[in-house]
């Protein structure tokens, strides 16, 4: 079963990396359909943002709360907590995932050299280059860490209908929903604020998923469901 899990992990890593590489190639080559998509989405969302200041405020608060530095600080706390509990391999995986992703993002920005959107009356500003989105990348890394670290600690749902099992199903749902919200809303906020193109965010998500699964494969870490707790026999 362990080999099967690692095989699936490496497959997911490859399936995430290939579209990332394709997307990077299309951006570097200036593929017109992708360029039109990026411009159309950005202009539409920018028009909405200019007309709705409260929307801008909500997106700004979210993007600041889940920026790379707060996520890295949270990851550092998690690494210390895992190490103190004796889960050293998992702690190393979290540190490796966040570190590798944090280094790859700026390096690829320099290699691709893509400028951010230049909009009239911008509602937000961000320094540096655009591709891939660092917020989207780090949010996907954090989402992966959330799933890999905490999903195995939740009771495993089954069909028994026992209270602990129902609670386990709720916890599983909360973990997955939290991971999706962190990744998707953070990435979307960068487009909504006009500081990234759509393809920048897609690339950040794909690269983040690649790093999460590649590191999990390399270190032999992947969610292993906790055994369901059965009621005592009467």
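Using N, Cα and C of the backbone, Cβ positions are placed for all residues, glycine too.
TrEMBL: automatically predicted annotations, no manual curation.
Listed in TrEMBL for this protein:
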- 87-216: domain 'Phosphatidic acid phosphatase type 2/haloperoxidase' (DOMAIN)
- 12-31: transmembrane segment (TRANSMEM)
- 65-83: transmembrane segment (TRANSMEM)
- 90-112: transmembrane segment (TRANSMEM)
- 132-152: transmembrane segment (TRANSMEM)
- 164-189: transmembrane segment (TRANSMEM)
- 201-222: transmembrane segment (TRANSMEM)
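Confidence across the domain 'Phosphatidic acid phosphatase type 2/haloperoxidase' (87-216), taken as the mean pLDDT and rounded to a whole number, stands at 91. Highest Cβ contact count with the transmembrane segment (12-31) among the listed stretches 90-112, 132-152, 164-189, 201-222 falls to 201-222 (criterion: pairs under 8 Å). Residues 90-91, 94-95, 98, 102, 134-135, 137-139, 141-142, 145, 149, 182, 185-186 of the same chain lie 6+ residues outside the transmembrane segment (65-83) yet bring a C-beta within less than 8 angstroms of a C-beta in it.
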